[in-house]
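Listed in TrEMBL for this protein:
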type     : residues : note
ACT_SITE : 196      : active site, schiff-base intermediate with substrate
ACT_SITE : 255      : active site, schiff-base intermediate with substrate
BINDING  : 240      : Mg(2+) binding site
Ligand code: PBG
(Lines of atoms letter the chains of each structure in order from A and count residues from 1; the text may use other names and numbers.)
(Lines give C-alpha, C1' and ligand atoms only; values in the text may rest on other atoms or scores of the structure.)
Protein backbone atom coordinates (compact mmCIF):
# COMPACT_ATOMS: atom_id res chain seq x y z
CA UNK A 1 0.00 0.00 0.00
CA UNK A 2 2.97 2.33 -0.38
CA UNK A 3 2.46 5.21 -0.84
CA UNK A 4 -1.13 5.48 0.37
CA UNK A 5 -1.56 9.04 -0.91
CA UNK A 6 -0.31 9.98 -4.33
CA UNK A 7 -0.58 13.78 -4.47
CA UNK A 8 0.72 13.66 -8.00
CA UNK A 9 -2.64 12.20 -9.19
CA UNK A 10 -4.03 15.75 -8.94
CA UNK A 11 -1.15 17.11 -11.02
CA UNK A 12 -1.11 14.64 -13.91
CA UNK A 13 -2.18 17.13 -16.59
CA UNK A 14 -3.37 20.68 -17.02
CA UNK A 15 -7.03 19.66 -17.04
CA UNK A 16 -6.91 18.07 -13.60
CA UNK A 17 -4.70 20.86 -12.29
CA UNK A 18 -7.26 23.39 -13.47
CA UNK A 19 -10.05 21.46 -11.70
CA UNK A 20 -8.34 21.59 -8.31
CA UNK A 21 -6.77 25.05 -8.59
CA UNK A 22 -7.61 27.03 -5.45
CA UNK A 23 -6.95 30.54 -6.71
CA UNK A 24 -7.62 32.34 -9.97
CA UNK A 25 -6.70 35.70 -11.42
CA UNK A 26 -8.74 37.98 -13.61
CA UNK A 27 -8.24 41.54 -14.90
CA UNK A 28 -10.84 42.78 -12.38
CA UNK A 29 -8.43 41.78 -9.59
CA UNK A 30 -6.08 44.59 -10.59
CA UNK A 31 -5.88 48.31 -10.00
CA UNK A 32 -3.46 50.26 -12.17
CA UNK A 33 -1.35 53.02 -10.57
CA UNK A 34 -0.99 56.00 -12.93
CA UNK A 35 1.30 59.03 -12.81
CA UNK A 36 -0.12 62.29 -14.13
CA UNK A 37 1.82 65.33 -15.32
CA UNK A 38 0.92 68.83 -16.54
CA UNK A 39 0.83 69.62 -20.23
CA UNK A 40 -0.58 68.13 -23.39
CA UNK A 41 0.55 65.11 -25.33
CA UNK A 42 3.16 64.37 -22.64
CA UNK A 43 4.34 60.78 -22.17
CA UNK A 44 7.64 60.40 -20.31
CA UNK A 45 8.99 56.99 -19.33
CA UNK A 46 10.19 56.60 -15.73
CA UNK A 47 13.84 55.50 -16.05
CA UNK A 48 13.66 53.02 -13.15
CA UNK A 49 10.26 51.69 -14.33
CA UNK A 50 10.51 50.67 -17.99
CA UNK A 51 7.06 50.63 -19.62
CA UNK A 52 5.57 53.00 -17.05
CA UNK A 53 4.97 56.62 -18.00
CA UNK A 54 4.04 59.97 -16.59
CA UNK A 55 1.25 61.15 -18.86
CA UNK A 56 -0.62 64.39 -19.33
CA UNK A 57 -4.38 64.22 -18.77
CA UNK A 58 -5.26 63.87 -22.47
CA UNK A 59 -3.08 60.78 -22.88
CA UNK A 60 -4.14 59.44 -19.49
CA UNK A 61 -7.75 59.21 -20.56
CA UNK A 62 -6.81 57.32 -23.71
CA UNK A 63 -4.92 54.83 -21.55
CA UNK A 64 -7.81 54.55 -19.10
CA UNK A 65 -10.18 53.60 -21.93
CA UNK A 66 -7.77 50.88 -23.03
CA UNK A 67 -7.49 49.57 -19.48
CA UNK A 68 -11.26 49.45 -19.17
CA UNK A 69 -11.56 47.54 -22.43
CA UNK A 70 -9.09 44.99 -21.01
CA UNK A 71 -11.30 44.43 -17.96
CA UNK A 72 -9.48 46.62 -15.44
CA UNK A 73 -11.96 48.44 -13.23
CA UNK A 74 -9.88 50.72 -10.99
CA UNK A 75 -7.01 53.17 -11.24
CA UNK A 76 -4.94 54.69 -8.44
CA UNK A 77 -3.77 58.14 -9.42
CA UNK A 78 -0.73 60.14 -8.39
CA UNK A 79 0.35 63.53 -9.67
CA UNK A 80 3.69 65.18 -10.24
CA UNK A 81 3.14 68.73 -9.01
CA UNK A 82 5.28 71.54 -10.40
CA UNK A 83 7.99 72.71 -7.98
CA UNK A 84 6.57 76.24 -7.66
CA UNK A 85 3.37 74.76 -6.17
CA UNK A 86 5.18 72.99 -3.33
CA UNK A 87 5.33 74.36 0.23
CA UNK A 88 5.06 73.13 3.82
CA UNK A 89 1.24 73.42 3.99
CA UNK A 90 0.45 71.25 0.99
CA UNK A 91 -2.32 73.69 0.04
CA UNK A 92 -2.12 72.86 -3.66
CA UNK A 93 -3.46 69.42 -2.65
CA UNK A 94 -7.00 70.80 -2.32
CA UNK A 95 -6.94 73.33 -5.15
CA UNK A 96 -10.23 72.62 -6.98
CA UNK A 97 -8.42 73.31 -10.26
CA UNK A 98 -5.30 71.39 -9.34
CA UNK A 99 -3.82 68.71 -11.57
CA UNK A 100 -5.32 65.88 -9.50
CA UNK A 101 -8.80 67.39 -9.46
CA UNK A 102 -8.70 68.02 -13.23
CA UNK A 103 -7.43 64.48 -13.81
CA UNK A 104 -10.22 62.92 -11.75
CA UNK A 105 -12.86 64.92 -13.63
CA UNK A 106 -11.39 64.08 -17.01
CA UNK A 107 -11.15 60.35 -16.30
CA UNK A 108 -14.67 60.14 -14.87
CA UNK A 109 -16.03 62.04 -17.90
CA UNK A 110 -14.18 59.87 -20.44
CA UNK A 111 -14.79 56.54 -18.69
CA UNK A 112 -17.51 56.91 -16.04
CA UNK A 113 -17.45 53.26 -15.01
CA UNK A 114 -13.75 53.23 -14.13
CA UNK A 115 -13.33 53.43 -10.34
CA UNK A 116 -10.98 56.32 -9.63
CA UNK A 117 -8.97 56.25 -6.41
CA UNK A 118 -6.77 59.31 -5.94
CA UNK A 119 -3.89 59.13 -3.49
CA UNK A 120 -4.36 61.18 -0.32
CA UNK A 121 -1.01 62.30 1.12
CA UNK A 122 0.90 65.56 0.94
CA UNK A 123 4.21 64.30 -0.49
CA UNK A 124 3.72 65.47 -4.10
CA UNK A 125 3.02 68.94 -2.73
CA UNK A 126 5.59 69.08 0.10
CA UNK A 127 8.82 71.03 -0.45
CA UNK A 128 10.39 68.55 1.96
CA UNK A 129 9.09 65.42 0.25
CA UNK A 130 7.13 64.30 3.29
CA UNK A 131 3.55 63.06 3.55
CA UNK A 132 2.57 65.82 5.97
CA UNK A 133 3.23 69.24 7.45
CA UNK A 134 6.58 69.61 9.27
CA UNK A 135 6.73 71.29 12.67
CA UNK A 136 9.51 71.03 15.23
CA UNK A 137 11.43 68.49 13.18
CA UNK A 138 8.61 66.00 12.63
CA UNK A 139 5.30 65.56 10.86
CA UNK A 140 2.50 67.27 12.81
CA UNK A 141 -0.14 64.53 12.89
CA UNK A 142 -3.36 66.42 13.59
CA UNK A 143 -2.72 69.45 11.36
CA UNK A 144 -1.75 67.08 8.57
CA UNK A 145 -4.97 65.17 9.07
CA UNK A 146 -7.01 68.39 8.68
CA UNK A 147 -5.19 69.07 5.42
CA UNK A 148 -5.90 65.52 4.23
CA UNK A 149 -9.63 66.01 4.87
CA UNK A 150 -9.65 69.13 2.66
CA UNK A 151 -7.74 67.20 0.04
CA UNK A 152 -10.10 64.20 0.12
CA UNK A 153 -13.23 66.37 -0.05
CA UNK A 154 -11.80 68.16 -3.10
CA UNK A 155 -11.22 64.75 -4.72
CA UNK A 156 -14.81 63.77 -3.97
CA UNK A 157 -16.04 67.07 -5.45
CA UNK A 158 -14.07 66.28 -8.59
CA UNK A 159 -15.84 62.91 -8.85
CA UNK A 160 -13.56 60.37 -7.13
CA UNK A 161 -15.23 57.07 -6.24
CA UNK A 162 -12.80 56.28 -3.44
CA UNK A 163 -10.04 58.13 -1.65
CA UNK A 164 -6.86 56.29 -0.75
CA UNK A 165 -4.95 57.76 2.19
CA UNK A 166 -1.32 56.60 1.95
CA UNK A 167 0.08 58.96 4.59
CA UNK A 168 -0.08 56.80 7.77
CA UNK A 169 -1.20 59.62 10.09
CA UNK A 170 -3.06 58.43 13.18
CA UNK A 171 -6.83 58.90 13.16
CA UNK A 172 -7.06 60.09 9.59
CA UNK A 173 -9.59 57.50 8.46
CA UNK A 174 -12.11 58.68 11.08
CA UNK A 175 -11.59 62.33 10.14
CA UNK A 176 -11.83 61.55 6.43
CA UNK A 177 -15.09 59.65 6.95
CA UNK A 178 -16.55 62.51 9.00
CA UNK A 179 -15.35 65.11 6.50
CA UNK A 180 -16.72 63.24 3.48
CA UNK A 181 -20.07 62.63 5.19
CA UNK A 182 -20.40 66.25 6.29
CA UNK A 183 -19.80 67.33 2.71
CA UNK A 184 -22.53 64.94 1.54
CA UNK A 185 -20.26 62.27 0.06
CA UNK A 186 -21.66 59.20 1.82
CA UNK A 187 -20.95 57.01 -1.16
CA UNK A 188 -17.32 57.97 -1.57
CA UNK A 189 -15.34 55.12 -0.08
CA UNK A 190 -12.04 54.94 1.77
CA UNK A 191 -9.34 52.49 0.86
CA UNK A 192 -6.84 52.95 3.63
CA UNK A 193 -3.15 52.17 3.31
CA UNK A 194 -3.33 50.59 6.76
CA UNK A 195 -0.13 48.57 7.00
CA UNK A 196 2.29 50.64 5.00
CA UNK A 197 5.89 49.86 5.81
CA UNK A 198 8.89 52.21 5.64
CA UNK A 199 10.33 50.41 2.65
CA UNK A 200 13.22 50.86 0.23
CA UNK A 201 10.96 49.28 -2.42
CA UNK A 202 9.35 52.72 -3.03
CA UNK A 203 12.50 54.18 -4.65
CA UNK A 204 11.33 54.18 -8.28
CA UNK A 205 7.97 55.73 -7.31
CA UNK A 206 9.76 58.63 -5.67
CA UNK A 207 11.78 59.08 -8.89
CA UNK A 208 8.54 59.19 -10.84
CA UNK A 209 7.08 62.00 -8.75
CA UNK A 210 10.31 63.59 -7.52
CA UNK A 211 8.89 63.10 -4.03
CA UNK A 212 11.78 61.65 -1.99
CA UNK A 213 12.47 63.31 1.41
CA UNK A 214 14.81 66.24 0.82
CA UNK A 215 17.49 68.22 2.65
CA UNK A 216 16.09 71.46 4.04
CA UNK A 217 16.94 74.67 5.84
CA UNK A 218 14.83 73.57 8.81
CA UNK A 219 15.12 70.30 10.70
CA UNK A 220 13.21 67.55 8.82
CA UNK A 221 13.20 63.77 9.22
CA UNK A 222 15.55 62.16 6.69
CA UNK A 223 13.15 59.26 6.08
CA UNK A 224 9.53 58.29 6.74
CA UNK A 225 10.12 56.03 9.73
CA UNK A 226 8.18 58.18 12.23
CA UNK A 227 4.97 57.37 10.36
CA UNK A 228 5.47 54.36 8.09
CA UNK A 229 5.83 51.02 9.88
CA UNK A 230 8.94 49.12 10.92
CA UNK A 231 9.31 46.08 8.67
CA UNK A 232 10.31 43.97 11.66
CA UNK A 233 6.73 44.17 12.95
CA UNK A 234 3.75 41.92 12.29
CA UNK A 235 1.27 42.34 15.16
CA UNK A 236 1.29 46.10 14.63
CA UNK A 237 -0.08 45.60 11.11
CA UNK A 238 -3.14 43.85 12.52
CA UNK A 239 -3.64 46.66 15.02
CA UNK A 240 -3.43 49.31 12.28
CA UNK A 241 -5.86 47.44 10.03
CA UNK A 242 -8.39 46.84 12.82
CA UNK A 243 -8.22 50.50 13.85
CA UNK A 244 -8.84 51.65 10.29
CA UNK A 245 -11.84 49.36 9.93
CA UNK A 246 -13.22 50.69 13.20
CA UNK A 247 -12.68 54.24 11.93
CA UNK A 248 -14.68 53.50 8.80
CA UNK A 249 -12.30 52.16 6.16
CA UNK A 250 -14.15 50.24 3.42
CA UNK A 251 -10.98 48.44 2.37
CA UNK A 252 -7.55 48.13 3.90
CA UNK A 253 -4.21 47.80 2.18
CA UNK A 254 -0.91 46.09 2.90
CA UNK A 255 2.16 47.52 1.18
CA UNK A 256 4.61 46.40 -0.26
CA UNK A 257 3.53 42.97 -1.56
CA UNK A 258 5.82 40.06 -2.14
CA UNK A 259 8.08 40.39 0.90
CA UNK A 260 5.01 41.02 3.08
CA UNK A 261 2.68 38.13 2.27
CA UNK A 262 2.71 36.92 5.87
CA UNK A 263 1.23 40.30 6.78
CA UNK A 264 -1.38 40.01 4.02
CA UNK A 265 -2.61 36.69 5.41
CA UNK A 266 -2.52 37.92 9.00
CA UNK A 267 -4.58 41.00 8.11
CA UNK A 268 -6.93 38.99 5.90
CA UNK A 269 -7.72 36.67 8.83
CA UNK A 270 -8.30 39.60 11.18
CA UNK A 271 -10.61 41.92 9.23
CA UNK A 272 -14.00 41.61 7.57
CA UNK A 273 -13.39 44.05 4.71
CA UNK A 274 -11.57 43.45 1.42
CA UNK A 275 -7.78 43.46 1.73
CA UNK A 276 -5.84 45.12 -1.06
CA UNK A 277 -2.14 44.76 -1.71
CA UNK A 278 0.20 47.22 -3.38
CA UNK A 279 2.76 45.43 -5.52
CA UNK A 280 5.03 48.46 -5.50
CA UNK A 281 7.43 50.22 -7.84
CA UNK A 282 10.60 48.49 -6.61
CA UNK A 283 9.01 45.08 -7.06
CA UNK A 284 8.15 46.05 -10.63
CA UNK A 285 11.67 47.37 -11.27
CA UNK A 286 13.31 44.16 -10.02
CA UNK A 287 11.35 41.94 -12.40
CA UNK A 288 11.96 44.29 -15.33
CA UNK A 289 15.69 44.50 -14.63
CA UNK A 290 16.25 40.77 -14.15
CA UNK A 291 14.22 39.85 -17.21
CA UNK A 292 15.98 42.47 -19.39
CA UNK A 293 19.17 40.60 -18.58
CA UNK A 294 17.57 37.31 -19.46
CA UNK A 295 17.95 36.09 -15.90
CA UNK A 296 14.23 35.56 -15.25
CA UNK A 297 11.24 34.83 -17.48
CA UNK A 298 9.27 38.08 -17.33
CA UNK A 299 5.74 36.82 -17.92
CA UNK A 300 6.08 33.73 -15.74
CA UNK A 301 7.51 35.69 -12.80
CA UNK A 302 4.86 38.39 -13.19
CA UNK A 303 1.99 35.88 -13.11
CA UNK A 304 3.55 33.88 -10.27
CA UNK A 305 3.91 36.97 -8.11
CA UNK A 306 0.38 38.19 -8.82
CA UNK A 307 -1.13 34.75 -8.16
CA UNK A 308 0.83 34.39 -4.91
CA UNK A 309 -0.37 37.80 -3.71
CA UNK A 310 -3.95 36.74 -4.41
CA UNK A 311 -3.41 33.35 -2.70
CA UNK A 312 -2.07 35.15 0.37
CA UNK A 313 -5.43 36.89 0.77
CA UNK A 314 -5.61 39.91 -1.54
CA UNK A 315 -9.01 40.77 -2.97
CA UNK A 316 -7.42 43.43 -5.16
CA UNK A 317 -3.86 44.08 -6.28
CA UNK A 318 -2.56 47.48 -7.19
CA UNK A 319 0.20 46.68 -9.67
CA UNK A 320 2.15 48.34 -12.47
CA UNK A 321 1.79 44.99 -14.27
CA UNK A 322 -2.01 45.35 -14.44
CA UNK A 323 -2.15 46.04 -18.17
CA UNK A 324 0.42 43.43 -19.21
CA UNK A 325 -1.15 40.79 -16.99
CA UNK A 326 -4.66 41.60 -18.22
CA UNK A 327 -3.50 41.23 -21.84
CA UNK A 328 -2.04 37.79 -21.02
CA UNK A 329 -5.16 36.70 -19.12
CA UNK A 330 -7.39 37.77 -22.02
CA UNK A 331 -5.47 35.65 -24.55
C1 PBG B 1 3.31 58.39 -0.97
C2 PBG B 1 3.22 57.09 -1.65
C3 PBG B 1 4.31 56.27 -1.91
C4 PBG B 1 3.83 55.18 -2.63
C5 PBG B 1 2.45 55.34 -2.78
N6 PBG B 1 2.08 56.53 -2.14
C7 PBG B 1 5.74 56.46 -1.62
C8 PBG B 1 6.18 56.80 -0.26
O9 PBG B 1 5.51 56.53 0.74
O10 PBG B 1 7.25 57.38 -0.17
C11 PBG B 1 4.72 54.08 -3.14
C12 PBG B 1 4.21 53.27 -4.27
C13 PBG B 1 5.24 52.51 -5.02
O14 PBG B 1 6.43 52.42 -4.65
O15 PBG B 1 4.86 51.96 -6.07
N16 PBG B 1 2.33 58.78 -0.12
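Glycine too: its Cβ is placed from the backbone N, Cα and C atoms.
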Would you identify the secondary structure of the residue listed as 'Mg(2+) binding site' according to DSSP, in three states? helix
So how many other Cβ atoms are close to residue 240 (Mg(2+) binding site), meaning within 10 Å of its Cβ? 22
Other C-beta atoms within 10 angstroms of the C-beta of residue 255 (active site, schiff-base intermediate with substrate) total 24
How big is the Cα-to-Cα gap, in Å, between residue 196 (active site, schiff-base intermediate with substrate) and residue 255 (active site, schiff-base intermediate with substrate)? 5
Hey, what's the Cβ neighbour count for residue 196 (active site, schiff-base intermediate with substrate) at 10 Å? 26
Rounded Cα-Cα span from the residue listed as 'Mg(2+) binding site' to residue 255 (active site, schiff-base intermediate with substrate), Å: 13
